[in-house]
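TrEMBL annotations:
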ACT_SITE  Glu79  active site, proton donor/acceptor
ACT_SITE  Cys111  active site, acyl-thioester intermediate
ACT_SITE  His233  active site, proton donor/acceptor
BINDING   Asp29, Tyr143, Lys242, Asn275  (3S)-3-hydroxy-3-methylglutaryl-CoA binding site
DOMAIN    2-166  domain 'Hydroxymethylglutaryl-coenzyme A synthase N-terminal'
DOMAIN    256-325  domain 'Hydroxymethylglutaryl-coenzyme A synthase C-terminal'
Amino acid sequence: MTVGIDKIAFFAPDTYVDLTDLAQARDVDPNKYLIGIGQSEQTVVPVTQDAVTMAANAASKLLTETDRQALGMVLFGTESGVDHSKSAAVYLRSLLDLPASIRTVELKHACYGATAGLMMAKDYVTLHPEKKVLVIGSDIARYGLNTPGEVTQGGGAVAMLVSQNARILALEDDSVVKSEDAMDFWRPLYRKEALVDGHASENIYIDFFTAVFDDYQKLTGRTIEDFDALAFHLPFTKMGLKALRAVLPQANDLKQQRLLEAFEASRVYNRRVGNLYTGSLYLSLMSLLANGELPAGSRIGLFSYGSGAEGEFFAGQLMPDFDPQALQADFAQFFGQRRRVSVPAYERLFNQSLPDHDVLLDTKADSARFVLRGITHDQRQYQDRTKA
Ligand code: COA
């Protein structure tokens, strides 16, 4: 039985800032952002979107009635949850009108949460083959205006449906995990913006990748030559390139060229969306599938990293029924409809945080189906605009 990703969908708010504009405003050479960091545009998240609404906007694109009835769990990976106690997954269940008889859990481990969900989903479906699991990675990446991390912000959600006879990517059984207590990136409960030791986080990321990739090869007997593509967690796309370069000398010249081409395909969308934290690896996978021209049966290696820190390397095979055209069309529409905002407008949107008292938000400028309407009696009020 093959178990894996049967469907995948993406959502991000439709406003973005151009990083050449941001570089000029910050008096930085634009090539530092465009080449040195590897980002060209960045999603700007309005106050009317949060981890829950973005997840609902992504997941609503992929669930049929049959899927809903077969769901056994909703596993919601996020590090920008909306409540210290209440699970984002149960808000999502309610917004999507999912059956009550499903397990709804929020998972946190920095950018690794969605991968934890994917692995738990795979094990669960293996044991309960008639069931499906909705896995979410949804986040808003905030480092602060005028900080070194500002250029690596962004936001958005990826929703994945995990089932048997998956039509996109069959997940293989072998994966290798490594965890270690590290202070490379964290966000204390009282902070809206992350704290990060950026250069340390780059080094730990690469150390973790080379360690798990090495262990994976020992475990499976496979080598880099067995992969048609490697996809990475991409907090910024240069990060993945650095990791790839760390293992590229293990491959012959032709394989090196192929892996570099695949990497370029895997960062097309991330370069324009920015950091999604938990969703970044899976946006990169979508970018690879849409832009990479990989034949059916291709083996894709995936490296997931969450600061703090946890890393996992796993692999999947591209299924014969996968058709990239729908994915390409979705992204063409998304990028075609986005609105570029000026740097002052981005700064205003960035500073519009939710108050800690009741509020009714103005949602007119937000084109999404699911929005945050405000807070009443300390409770978030969500709206599905397809309902009266
Ligand atoms: N043209 C081309 N490249 C340029 C350049 C120019 N004019 N100016 C600088 N660069 C390059 C640098 O050489 C460097 O490349 P390298 O990393 O390959 O050496 C890159 O741009 C970044 O420059 P640097 O001086 O290191 O940037 P910085 O100190 O401002 O910080 C980060 C960069 C990534 C560390 C910072 O944005 C950050 O902390 N981001 C958050 C990281 C994170 O989220 N980590 C946790 C998740 S893994």
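Including glycine, each Cβ sits where the backbone N, Cα and C put it.
Shown on the structure are the features that TrEMBL records.
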residue : record                                           : DSSP class
Asp29   : (3S)-3-hydroxy-3-methylglutaryl-CoA binding site : coil
Glu79   : active site, proton donor/acceptor               : coil
Cys111  : active site, acyl-thioester intermediate         : strand
Tyr143  : (3S)-3-hydroxy-3-methylglutaryl-CoA binding site : coil
His233  : active site, proton donor/acceptor               : coil
Lys242  : (3S)-3-hydroxy-3-methylglutaryl-CoA binding site : helix
Asn275  : (3S)-3-hydroxy-3-methylglutaryl-CoA binding site : coil
Residues satisfying Cβ distance under 8 Å from Lys242 ((3S)-3-hydroxy-3-methylglutaryl-CoA binding site), sequence separation of at least 6: Glu202, Ile206
Those recorded positions listed as Asp29, Glu79, and which of them has the most Cβ atoms within 10 Å of its own Cβ: Glu79
Nonlocal residues around His233 (active site, proton donor/acceptor), in sequence order (Cβ under 8 Å, 6 or more apart): Cys111, Tyr205, Met239, Gly240, Ser280, Leu281, Ser284, Phe303, Ser304, Tyr305, Gly306
DSSP-derived helix, strand and coil totals, residue by residue, for the domain 'Hydroxymethylglutaryl-coenzyme A synthase C-terminal' (256-325): 34 helix, 17 strand, 19 coil
Max pairwise CA distance, angstrom, over record-listed (3S)-3-hydroxy-3-methylglutaryl-CoA binders Asp29, Tyr143, Lys242, Asn275: 22
Annotated recorded positions Asp29, Glu79, His233, filtered by Cβ under 6 Å to ligand 1: Asp29
Intrachain C-beta neighbours of Tyr143 ((3S)-3-hydroxy-3-methylglutaryl-CoA binding site), sequence separation six or more, cut-off 8 angstroms: Gly149, Glu150, Thr152, Gln153, Glu193, Ala194, Val196
Inter-residue C-alpha distance, Asn275 ((3S)-3-hydroxy-3-methylglutaryl-CoA binding site) and Glu79 (active site, proton donor/acceptor) (nearest angstrom): 12
Integer Cα-Cα distance in angstrom, Glu79 (active site, proton donor/acceptor) to Asp29 ((3S)-3-hydroxy-3-methylglutaryl-CoA binding site): 31
